[in-house]
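Visitor: Okay, handing you the structure first.
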């Protein structure tokens, strides 16, 4: 270790060079001139103060180097090389890593470099050079190729290149660079090049002037903003190695670029040693050189050198001694480096100095590096910004994707005080996009969900459903809901009863032993038996089946079991939901929930506690076995005891050859046929309890305050299966009484004189008689048992006898969430608190409409992010939106919640969301069936199912299929995002993109978890008033749910009709554009899976469109989105979406650019400011902007409070503090420019702006005015409209020009003037229109959809209006 090295420079590149050189065992001391604080911290490094040695005095540098025995001088920046430092050092015999002045021309003189490439056959873009602006511009306009790249020929710190979007921009660049000498003499000669298309990469090479060795390829990111937007910079980040260049292409670069360049230098007798940097464009015709540089690139160096394994000092020494060919270059394999540059505010135009930097890591590590570019320290040793590019955060990882994520995260932890830091969040994303583009496109089926299998199941079970039809049923499976006509029954005062049930872990036993039909029967029996408790006749049933992988024959057998139960009870199977959720359920795993609706006469509702008398009989009806209680623990303990359930059973039907599984899996007994006639007679049965939780628990429910009972098993046989179970698992008698039915499936309360149990209820036994509870009984149990233990002991003796093992409770009560549940006036509670619904008298021919759904694997996102409060809203939305499509007014809602580990707080959080959703849907929340089932679910996993009931007048049932005809209009109500379908595909996309739910969404400022959990929109309140009118004009509604646009709209069309949608007429939420790009999802698959921005589609007669839009346009952002057409070819799809690809591409292009920076100027309440804030923060609206500043000319106004609440910077600039309008506006402009504002919205800003201000912001300044311009400009416009007798008013968003409200119109929104209106009522109505129009206009402006204002004709705004 004997060598000393001098490094010239002070930036991040030099920091990285010093860091790498310090690792050499051959280097003892490194001097940096002038160096930096970061370099000073590197081992072996020492800064040389510029006061001691002037970096510009090359002779002094040479003299100092000789005196201090410097073995090697490494020149970092290009300027010293271009000015001849290398020549001075070489003359004095000091080795210099870097070429002399002649060699540096390859970078310093772009004209010379282009001529050099031409002379030596190096592939590059076509070009011409100029010293005259007019000639340059004439060439640009007439060139036979796209001459749009304009370069200053000299050195301009990496900023002297403009890649113009069009000829005008290129000519403007000529004027600035050559005409105005923006970069001084560097731009005195201009190079105009052909615009090449492709990816830009950097290949740096070491050369000794004879041989050349390429380094690993890297990619720099020159533009300031994400998506390569904004001005050129010195480089905002880089990554290495870059996979965009193939090995054959890299070999071509070695031969045709690097070696030809070195040979050319030799031919022209130019000595060159150091780095030869080739900036390349990977075109269709192969790599083309954009530029050469004569030094290490910045920031490429910072990501290349960490991957170099060979001693850097040895490499540099070999370059200077002409021995590079003898030294093998070694690179780290399987490692990627990504660097993210943090720049100060205002860069590249200005730089901020002296801002405190916090969050810097204490030290560098093998996987995390910080190199300083423009950083200084104060006296307290605190880090401060000291330039444009301040530092670079680097991460190394085996995965490029992980390295990028870690580098971006590291950058995000570092903050600059004051105006903050600028950094890109998309460094290396191009590499991923290429990988995505070349990867096969994802589909819903690829993610584990097969829509075709779901359709096949529907077709398979339709005959099963038809077999359960009974009077009252309308329609069939496959619509949005199940329909039942009450008039077909003979009830005078009908009351609707509802029951929701599950089968617990018994389904696991059924699946493992192929008892599919049994468990389906169980589900129906559990639900229907529950209705008997209310005295109700089961009339309609819905099922919910969830699984990891849908196996159609198995699911069909489950449904067959349900259908068998329905037939036995004369109840109709009217619909169901089958959810395939591979990320919630493992393959082969299932769960089920059932929902049964019954009808009971108002006077027959049970229980009738008011009729109870002492000595009333408690009668038990025998169960068929265990029914469905407690199977989670039973199966767990049996498995632990290694009991083989496939062996012949020693009890029950074992003597007939049944296995233990078959005995335990015996279906629940259905009591409907046995009890319903007596319940409807209404003269004997006072109460009914279905034993589902455990005999003691359910008998207790039959006892009102003041009654007790003793259950006597002396004459009541206990089935031997309970004895086997108790002996096998060493259970106590008490735990069986608490958790199982013990042979009693249903308990009735009958009068003492009743003989019903003897004459009409086979197997019925009197269990006990009701008694008045003694007043002094204290805390004694009100349900006592005798003769049970003795009987059970005998039954258990052959199997090991009784023990003390306890069984846990499986069915749970959800604790109160604090959310007040909605209760409609039709809803009431019976004597034990169960909710029922009266059918309102105003219905002439009421139709019950039932719907069920789940939330799908959106639940997984809630569970992973611990954000479970909103999925209940999704659940309600998915159900009520469906029944809304049948014209129903939702009345009640019930839910099913099953989980792995019971967490009361989690259950309460989810249930609170369900109740909030029910409230939004104006529905009574009836009940939630909740169960903890560790055998079915992982500890942190839960599933949800929902069941909605609505009522419609028969004359109002939708869809009106016969009335729909070509020419009918489609009106779309926007979705709030993904809603609750297609999330299995979302999970697949996230996995492919390497993104987590806590990562920031690529399409908004929120996290992906927050965006994806935006609740499904509930459309009930939006449409209820409209649907309640007799002639509302709506022929059909289609809820765009599972199956997307392609499969939901056809559900309301006859086969000979189709629809034509126009994607230009409604916004595509950015989330879908991102999903399509990240998952390479085809447009067809996207439309078949997602709502694509339309949550609900209305089919409306052409003459009724205006009336419907009048109700829905402003509050719901409804718009005309298409029309019904004749379907001429039955093989063609029924849904055609025109312009979808263009809309998708437009949105994706928008996402690749930075959000537009907007300022809002106010003077008062700021209601329009709030509308803009809300729209921008709702990513589904696609307003790709951010409000960065709010300015008020008045202090203390509400608008400032709104800004503060939203976290938006605001200020008061009072016009009273300035001598003139012009001076005031100059101050406004100063603050607007400091905030880098691009567009200004005037939202009630009560100032007339000066002409200079308007001209400076022309085309970027918009206002909202409360009239339909050009009518009524200026003030007091509502008064003018009323006095003029107008029948219509509204608002106008327009560009601001020098006149008063005379600028080009962007958007107009009309409202009617109604009889009796005054200024206040009209103003309020216009406000609603303003809150729709202003965000819409800003969306158009931010997206670039509007033409430049100079091209807009004021008198003909229609073109712009039509572009909405």
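Indices start at 1 and increase along the chain as displayed.
For all residues, glycine too, the Cβ spot is worked out from N, Cα and C.
So Swiss-Prot lists these for the protein:
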ACT_SITE  1265  active site, proton donor
BINDING   291, 293  Mn(2+) binding site
BINDING   1166, 1167, 1168, 1327, 1328, 1329, 1330  N(1)-(5-phospho-beta-D-ribosyl)glycinamide binding site
BINDING   1221, 1246, 1247, 1248, 1249, 1263, 1297, 1298, 1299, 1300, 1301  (6R)-10-formyltetrahydrofolate binding site
DOMAIN    114-321  domain 'ATP-grasp'
REGION    1155-1364  region 'GART'
SITE      1301  site 'Raises pKa of active site His'
Visitor: Checking your reading of the structure: which of the binding-site residues 291, 1167, 1168, 1221, 1301, 1330 lie inside a 10 Å Cα sphere centred on residue 1265 (active site, proton donor)?
Guide: 1301, 1330
Visitor: Which secondary structure state does DSSP assign to residue 1301 ((6R)-10-formyltetrahydrofolate binding site), in the simple three-class scheme?
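Guide: Its secondary structure by DSSP: coil.
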Visitor: May I ask for the distance between residue 1328 (N(1)-(5-phospho-beta-D-ribosyl)glycinamide binding site) and residue 291 (Mn(2+) binding site), taken between their Cα atoms and rounded to an integer number of Å?
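Guide: If we compare the Cα positions of residue 1328 (N(1)-(5-phospho-beta-D-ribosyl)glycinamide binding site) and residue 291 (Mn(2+) binding site), the gap is 56 Å.
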Visitor: Give the sequence-ordered list of residues that share a chain with residue 1329 (N(1)-(5-phospho-beta-D-ribosyl)glycinamide binding site), lie 6 or more positions from it, and have CB atoms under 8 Å from its CB.
Guide: 1114, 1290, 1291, 1309, 1310, 1311
Visitor: To the nearest Å, how far is the Cα of residue 1249 ((6R)-10-formyltetrahydrofolate binding site) from the Cα of residue 293 (Mn(2+) binding site)?
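Guide: One finds 49 Å between the Cα atoms of these residues.
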Visitor: Any idea of the Cα spread of the (6R)-10-formyltetrahydrofolate site, 1221, 1246, 1247, 1248, 1249, 1263, 1297, 1298, 1299, 1300, 1301, as a max distance in Å?
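Guide: Per the listed residues, the maximum Cα distance equals 18 Å.
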Visitor: What is the number of other Cβ atoms found within 10 Å of the Cβ of residue 1328 (N(1)-(5-phospho-beta-D-ribosyl)glycinamide binding site)?
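Guide: Residue 1328 (N(1)-(5-phospho-beta-D-ribosyl)glycinamide binding site) is surrounded by 16 other Cβ atoms within 10 Å.
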Visitor: If you measure residue 1168 (N(1)-(5-phospho-beta-D-ribosyl)glycinamide binding site) to residue 1247 ((6R)-10-formyltetrahydrofolate binding site) at Cα, how many Å is it?
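Guide: Rounded to the nearest whole number, the Cα-Cα distance is 16 Å.
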Visitor: So which one is it: of the binding-site residues 293, 1167, 1168, which has the fewest other Cβ atoms within 10 Å?
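Guide: Comparing Cβ neighbours within 10 Å for the binding-site residues 293, 1167, 1168, 1167 has the fewest.
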Visitor: Can you figure out which of 293, 1297, 1301 (the binding-site residues) comes closest in space to residue 1167 (N(1)-(5-phospho-beta-D-ribosyl)glycinamide binding site), comparing Cα atoms?
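Guide: Nearest in space to residue 1167 (N(1)-(5-phospho-beta-D-ribosyl)glycinamide binding site), counting only the binding-site residues, is 1301.
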Visitor: Could you check the binding-site residues 291, 1330 and say which one's CB has the most other CB atoms within 10 Å?
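Guide: Answer by Cβ density within 10 Å: 1330.
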Visitor: Starting from the Cβ of residue 1297 ((6R)-10-formyltetrahydrofolate binding site), draw a 10 Å sphere and report how many other Cβ atoms land inside it.
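Guide: That number is 18.
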Visitor: Find the one among the binding-site residues 291, 1166, 1330 whose C-alpha lies closest to that of residue 1301 ((6R)-10-formyltetrahydrofolate binding site).
Guide: 1330
Visitor: Out of 1221, 1265, give me whichever of these recorded positions has the highest number of other Cβ atoms within 10 Å.
Guide: 1265
Visitor: Please identify, among the binding-site residues 291, 293, 1166, 1327, 1330, the one with the smallest Cα-Cα distance to residue 1297 ((6R)-10-formyltetrahydrofolate binding site).
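Guide: That would be 1330, nearest by Cα distance.
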Visitor: Counting distance between Cα atoms, which of the binding-site residues 291, 293, 1327 is nearest residue 1247 ((6R)-10-formyltetrahydrofolate binding site)?
Guide: 1327
Visitor: To which of the binding-site residues 1166, 1299 does the lowest count of other Cβ atoms within 10 Å belong?
Guide: 1299
Visitor: Could you state the CA-to-CA distance between residue 1327 (N(1)-(5-phospho-beta-D-ribosyl)glycinamide binding site) and residue 1299 ((6R)-10-formyltetrahydrofolate binding site) to the nearest Å?
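Guide: That separation, Cα to Cα, works out to 24 Å.
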Visitor: For residue 1330 (N(1)-(5-phospho-beta-D-ribosyl)glycinamide binding site), identify the closest of the binding-site residues 291, 293, 1221, 1299, judging by Cα separation.
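Guide: Comparing Cα positions, the closest of these binding-site residues turns out to be 1299.
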Visitor: Distance between residue 1221 ((6R)-10-formyltetrahydrofolate binding site) and residue 291 (Mn(2+) binding site) at the Cα atoms, whole Å?
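Guide: Counting only the Cα atoms, the answer is 50 Å.
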